[in-house]
Amino acid sequence: MDINKMTYAVQSALQQAVELSQQHKLQNIEIEAILSAALNESESLYKSILERANIEVDQLNKAYEDKLNTYASVEGDNIQYGQYISQQANQLITKAESYMKEYEDEYISMEHILRSAMDIDQTTKHYINNKVEVIKEIIKKVRGGNHVTSQNPEVNYKALAKYGRDLVEEVRQGKMDPVIGRDEEIRNTIRILSRKTKNNPVLIGEPGVGKTAIVEGLAQRIVKKDVPESLLDKTVFELDLSALVAGAKYRGEFEERLKAVLKEVKESDGRIILFIDEIHMLVGAGKTDGAMDAGNMLKPMLARGELHCIGATTLNEYREYIEKDSALERRFQKVAVSEPDVEDTISILRGLKERYEVYHGVRIQDRALVAAAELSDRYITDRFLPDKAIDLVDQACATIRTEMGSNPTELDQVNRRVMQLEIEESALKNESDNASKQRLQELQEELANEKEKQAALQSRVESEKEKIANLQEKRAQLDESRQALEDAQTNNNLEKAAELQYGTIPQLEKELRELEDNFQDEQGEDTDRMIREVVTDEEIGDIVSQWTGIPVSKLVETEREKLLHLSDILHKRVVGQDKAVDLVSDAVVRARAGIKDPNRPIGSFLFLGPTGVGKTELAKSLAASLFDSEKHMIRIDMSEYMEKHAVSRLIGAPPGYIGHDEGGQLTEAVRRNPYSVILLDEVEKAHTDVFNVLLQILDEGRLTDSKGRSVDFKNTIIIMTSNIGSQVLLENVKETGEITESTEKAVMTSLNAYFKPEILNRMDDIVLFKPLSIDDMSMIVDKILTQLNIRLLEQRISIEVSDDAKAWLGQEAYEPQYGARPLKRFVQRQIETPLARMMIKEGFPEGTTIKVNLNSDNNLTFNVEKIHE
């Protein structure tokens with residue numbers, strides 16, 4: 001018995017048989033151990049053939065186990081179990097060897113073991129009974145005229161069924177969504193497939209534009225017989241490259257599998273069209289030391305026209321892998337698949353609408369489809385139509401479906417209230433005092449009312465759920481009937497087609513309309529319903545907002561109020577800069593109302609003014625107002641960009657340089673948060689060439705990073721701050737704080753000397769911040785003290801500062817050329833430091849209020865006023 005003359009599957013079965021013998025404490029390897037191991041082998045051909053012959057495999061395996069248990073086990077020390085082969089097991093191998101010679105094979109394979117077992121083993125004979133000829137016929141079909149010339153012959157049997165899926169068969173079974181449009185690309189593909197040689201189209205396009213859908217569309221046309229005669233009998237197989245590579249343990253096994261697939265395709269005489277998605281993976285697939293990769297194995301067959309192949313890949317991967325191998329590239333004909341426009345996407349969504357309605361059991365409004373196409377095109381810029389629009393619709397449907405499965409909020413609240421009252425009732429029943437009895441009586445009345453309300457709501461919910469279930473069932477029946485009609489028309493079953501088209505389908509459509517009308521009449525408007533089963537444009541807007549962070553959904557009342565009073569909110573934080581606050585808040589309101597220019601940022605402003613007047617503070621307060629956190633502000637300190645080459649930090653290092661994979665500080669931040677406030681602080685400190693990057697952002701609302709990706713800035717507010725002309729402002733401002741026209745001109749002259757005209761011309765507004773007045777300082781004192789009180793609140797301590805003390809603080813710290821920053825430092829010295837010393841020295845108890853007053857010597861006094869009990 002030469003183990004090298006056996007296939008890997010037979011070798012593995014013998015190894016398993018040794019382990020079985022050891023488990024049963026048998027010195028010999030019995031025939032049943034070998035056959036049981038063969039039956040339990042993963043992807044067992046032995047088992048597969050018996051199953052196809054309708055033999056009870058589980059019972060046969062149990063019979064092998066029972067027979068093994070009848071052999072006498074040997075106990076003792078130093079006994080080597082499973083070291084010898086029994087006489088009957090030896091006969092099995094010898095007979096299998098004779099079958100190997102009969103089949104003209106080079107290795108003993110599983111089918112030889114099965115034929116041998118049918119002749120020698122009584123248990124196998126009993127179960128196979130009179131199916132010997134059937135099994136012989138199945139073995140013949142499985143082998144398909146092949147000979148066992150390798151130790152892994154199983155890969156050659158039904159290779160296409162193992163490593164691919166029949167798209168034409170899936171269309172016939174109704175498993176595939178309809179393909180709408182793409183007629184020109186499908187026709188182009190058909191034209192290339194009809195050539196004599198090099199009849200291999202490769203579909204090239206961005207991810208998500210519908211390359212795979214074109215092949216599915218071809219499969220659907222083949223089923224409908226809507227193709228030229230030369231393609232009528234064709235079938236399309238999608239090759240699963242990962243399945244080909246997976247589990248290839250031995251050298252050359254991958255090549256063997258691929259050869260088996262290609263052989264089947266070749267033997268079909270052009271009937272099989274092979275579709276390889278992500279065809280670039282073929283280049284280098286399976287390549288080890290000295291081995292040939294899959295791409296090179298395909299070349300001869302592709303050139304001779306023996307292999308009909310459709311490939312699909314993206315532009316980048318085609319350039320990176322296929323174009324490098326010019327011999328492989330010339331064997332394919334390119335078909336460019338462009339991204340459909342919004343109108344075509346809406347048509348595609350309308351075609352898919354019914355499938356999604358049936359699958360999710362919801363109703364999709366047409367305006368939801370239009371919104372999905374338009375909003376995805378406008379806001380989801382890093383993906384492609386129609387894929388991103390289909391994803392939006394699918395997600396919105398899933399959201400509504402999830403809501404339908406749970407209780408509505410109104411019923412949920414009543415259920416919680418009833419539970420709460422029942423708990424209180426059971427507690428009060430144990431009390432005997434009059435107050436508890438009185439409360440119990442009131443509570444029982446309230447509980448009765450709530451339970452009545454609960455029953456009414458529950459009944460209404462059940463009724464709506466039942467009606468929705470009926471609608472879903474009717475839609476599913478209609479979908480099945482339409483699928484059956486397509487099958488009947490394809491198979492030329494005219495009688496059945498006529499019955500479905502003129503009888504069943506119109507009747508189902510009528511019943512569905514009646515159900516929908518009744519549901520509409522009974523429930524009234526959508527807003528009156530307990531359960532929503534309609535997907536509207538609002539749901540689509542919500543999903544876009546979830547994905548991008550950009551507020552697209554309709555304004556709720558609280559947000560509407562917040563926007564209308566945005567300037568008031570900003571005024572509370574930014575003192576004395578009315579014009580700047582109004583300009584920024586107006587830009588946000590325009591954007592949220594949906595009337596801003598869709599191709600530019602929400603707003604781009606240059607804030608000019610002395611230090612400490614609120615330029616940066618306005619940007620921070622805007623971020624806090626819009627996003628409830630200053631963290632949503634992208635702050636870039638332009639003093640870090642003083643060198644010319646520093647621009648690469650904004651958009652990313654060029655290819656070949658360290659940090660290329662990390663992307664740019666600005667571009668990556670905006671890609672992650674497309675709706676944000678960008679603050680470019682102290683812009684005059686940056687090198688002038690850095691501003692050239694800003695030209696496209698300010699004008700077109702986009703910027704291309706170092707990797708060639710376009711980053712969308714259309715939903716950002718860009719604020720630049722600068723101190724240019726601050727000296728002119730300080731010297732020439734009126735006592736009232738107003739900026740004169742001559743001062744404004746002088747500042748603009750300074751500005752033009754520094755910035756190029758093309759930068760200034762693209763700004764929405766250049767805002768001059770006026771120096772702070774003494775009145776503004778007293779308001780800022782209040783702000784600083786409020787923030788101090790918030791910090792003290794954590795320690796349950798509060799501070800009260802008298803008006804005299806506040807006025808003194810504002811006056812003493814007033815330095816027009818430095819703005820509000822000296823005031824902050826002055827408050828730290830005069831209030832925070834003495835207070836901190838007192839807290840450490842005396843340790844105030846919780847609830848302490850400290851009063852700060854100004855004495856006659858113009859010094860602040862601290863008094864511990866009261867302690868709250």
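Every residue gets a Cβ built from N, Cα and C, even glycine.
Some features that Swiss-Prot has for this protein:
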DOMAIN    3-145  domain 'Clp R'
REGION    6-71  region 'Repeat 1'
REGION    85-145  region 'Repeat 2'
REGION    158-339  region 'NBD1'
BINDING   Gly205, Glu206, Pro207, Gly208, Val209, Gly210, Lys211, Thr212  ATP 1 binding site
REGION    340-549  region 'Linker'
COILED    390-524  coiled coil
REGION    559-771  region 'NBD2'
BINDING   Gly609, Pro610, Thr611, Gly612, Val613, Gly614, Lys615, Thr616  ATP 2 binding site
REGION    772-869  region 'C-terminal'
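Ranking the binding-site residues Pro207, Gly210, Pro610, Gly612, Gly614 by how many Cβ atoms sit within 10 Å of each one's Cβ puts Gly210 at the top.
DSSP assigns Lys615 (ATP 2 binding site) to a helical segment in the three-state reduction.
Here the binding-site residues are Gly205, Gly208, Gly609, and the one ringed by the most other CB atoms within 10 angstroms is Gly609.
Among 6-71, 158-339, 340-549, 772-869, 6-71 has the largest number of CB pairs under 8 A with the region 'Repeat 2' (85-145).
Counting neighbouring Cβ atoms within 10 Å of each of the binding-site residues (Val209, Val613), the lowest count belongs to Val209. Taking the Cβ of Thr616 (ATP 2 binding site) as reference, residues of its chain lying under 8 Å away and at least six apart in sequence are, in sequence order, Leu679, Asp681, Thr721. Nearest neighbour of Gly612 (ATP 2 binding site) by Cα distance, taken over the binding-site residues Pro207, Val209, Gly210, Thr212: Pro207. When the C-alpha distances from Pro207 (ATP 1 binding site) to the binding-site residues Pro610, Thr611, Val613, Gly614 are tabulated, the minimum falls on Gly614.
Within 10 Å of Val613 (ATP 2 binding site), as judged by C-alpha distances, no binding-site residues are found among Glu206, Gly208, Lys211. Across the region 'Repeat 2' (85-145), DSSP assigns 46 helix, 2 strand, 13 coil. For Lys211 (ATP 1 binding site), the same-chain residues lying six or more positions away in sequence with a CB closer than 8 A to its CB are Leu203, Ile204, Gly205, Asp277, Ala312, Thr313, Val337.
A gap of 50 Å separates the Cα atoms of Gly208 (ATP 1 binding site) and Thr611 (ATP 2 binding site). For the recorded ATP 1 site, residues Gly205, Glu206, Pro207, Gly208, Val209, Gly210, Lys211, Thr212 set the reference point as the centre of their Cβ atoms, and the other residues of that chain within 8 Å of it by Cβ are Ala213, Thr314, Val337, Glu339, Phe384, Asp387.
Of all the binding-site residues in the record (Glu206, Val209, Gly210, Thr212), the one with the smallest CA separation from Thr611 (ATP 2 binding site) is Glu206. With DSSP classes pooled into helix, strand and coil, the tally for the region 'C-terminal' (772-869) is 52 helix, 22 strand, 24 coil. The closest partner of Val209 (ATP 1 binding site) among the binding-site residues, by CA position, is Lys615; the full candidate set was Gly609, Pro610, Gly614, Lys615. The region 'NBD2' (559-771) scores a mean pLDDT of 79 in the predicted structure. Distance between Cα atoms for Lys615 (ATP 2 binding site) and Glu206 (ATP 1 binding site): 43 Å, as a whole number.
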